[in-house]
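Scroll down for the structure; my scribbles are underneath it.
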Amino acid sequence: MIDVKLLRSNRELFEKNCEYRGVDKAIIDQFFKLDEEWRSVNRELNGQRAEKNRMTRAIAESLKRGKIVSNEKDRVELINEKIVSLEKKIREIEEERDRVLWTIPNLIHESVPICFGDENNKIVRYVGHAKVYRDDEEEFLKGSGGNGDYEVIDERPKSHVDLGQELGIIDLESAAKISGARFYFIKNRLLKLEMALENYAVDFLSQRGFTVVEPPYMLNLESMRGATDLETFKDTLYKIEDEDLYLIATSEHSIASMLSNEFLEEKELPIRVAGVSACFRREAGAHGKDTKGIFRVHQFNKIEQFIFCKPEDSWDYLEEILSNAEEIYRSLGIPYRVVNVCSGELGRLAAKKYDIEAWFPAQGKFREIVSASNDTDYQARSLNIKYRKSGGNEFVHTLNSTAIATTRILVAIMENFQEDGRIRIPDVLVPYTGFQYIDKE
């Protein structure tokens, strides 16, 4: 949620911000219309309360003098009825105004590219050595900014679906039979590889000061509304029937809500938390996309970075969580690029977002594996998370980033580390797996 006082004094700034994000500026008009109505009713309400206080004092003085005050008491009763009516009206206006306020997006950072479409995200850097099928060379050079390190290969790598089924480590048919599309069984060494990825990421983040948690996998509506953009996530979230609960789409939402309605001490900040959880997504808006395999699925495991910090430090911490994620993928040997996400693709909460996109040689394209965002005080306002500082209380800033979404990284490893019909395990994971290759079962 944005700062109401800031909005009231910077209407044009927020209108321009909506324009940059592709959001209808009419929501700003709606807010100011409701806000003026709220102010008008509030003035009347305060006037009635003041009149009641004046009348109450006058009645008390009259009673001291032995005067009859029945008429005055009748007037006070009428004022009370008016106050009750105005209080009800102002609550209704507040609810409608707040509903509009929730839809107004966060102010974007000055470094965000002003444009629309993922294809217009700004390439920040490319890292790694890629294998590029000859027909995909132009796509790779364009996606890496023209200077990516790569080698041309004459045969396209097998898809993770074909390779996984040949090696006996992925079973999609059985999962579809019992659960439907976008579910999977992963088996034996591929499962051990997934567990190795999780343990490696947990160790990596623990060594960098993160407290590792497994959060609740369900959140109530109040927490979910405060932590995320329900309008954006309406096609993503699973609602528990007859319960005020939703399955989480990411542990970010549980971790952010963990400190809702709390005051922190300045000395406690920053608070670094790594969430380890299953994630559940309906993917209702992804009809026809990645219908086969384990790249885009309804259930997957993810390690998430989250930081609560002081406002003046948040931009440094955005670079920190991005650097953490990059170090993980450099150590795995997965080629990737970092992009500065453009204004039209940020979502409502983020003031700035970086994506890390790995090169997938079987698909011949870069694809997102990490999103790292600074939500500034927007999420903290929605969840009412403040800290005490000299001179008054202030909202914290919140930041989040994927460390590893396991199914996507399994796909990246299967495509980038194919060797003679088997899968080579990245060196840093061998101590966790206990084996160097995945061969046919």
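Yeah, the Cβs are placed from backbone N, Cα and C, and that goes for glycine too.
What Swiss-Prot records for this protein:
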type	residues	note
BINDING	Thr250, Ser251, Glu252, Glu304, Thr402	L-serine binding site
BINDING	Arg281, Arg282, Glu283, Val297, Glu368, Ile369, Val370, Ser371	ATP binding site
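If you compare every pair of Cα atoms in Arg281, Arg282, Glu283, Val297, Glu368, Ile369, Val370, Ser371, the residues listed for ATP, the longest distance is 19 angstrom.
Checked against Ile369 (ATP binding site) by C-alpha proximity, the binding-site residues Thr250, Ser251, Glu252, Glu304, Thr402 yield Thr402 as the nearest. Over all protein chains present, the Cβ of Glu368 (ATP binding site) has 16 other Cβ atoms lying within 10 Å. Arg282 (ATP binding site) and Thr402 (L-serine binding site) are 19 Å apart (CA-CA, integer value). Within the set of binding-site residues Thr250, Glu252, Glu304, the entry lying nearest in space to Glu283 (ATP binding site) is Thr250 (CA atoms). The distance from the Cα of Glu368 (ATP binding site) to the Cα of Glu304 (L-serine binding site) comes to 15 Å. Taking the Cα atom of each, Ser251 (L-serine binding site) and Arg281 (ATP binding site) are about 12 angstrom apart. On a Cα basis, Thr250 (L-serine binding site) lies 9 Å away from Arg281 (ATP binding site). For the pair formed by Val297 (ATP binding site) and Glu304 (L-serine binding site), distance between Cα atoms is given as 18 Å, rounded to the nearest Å.
When each of the binding-site residues Thr250, Ser251, Ser371, Thr402 is scored by how many other Cβ atoms sit within 10 Å of its Cβ, Ser371 comes out lowest.
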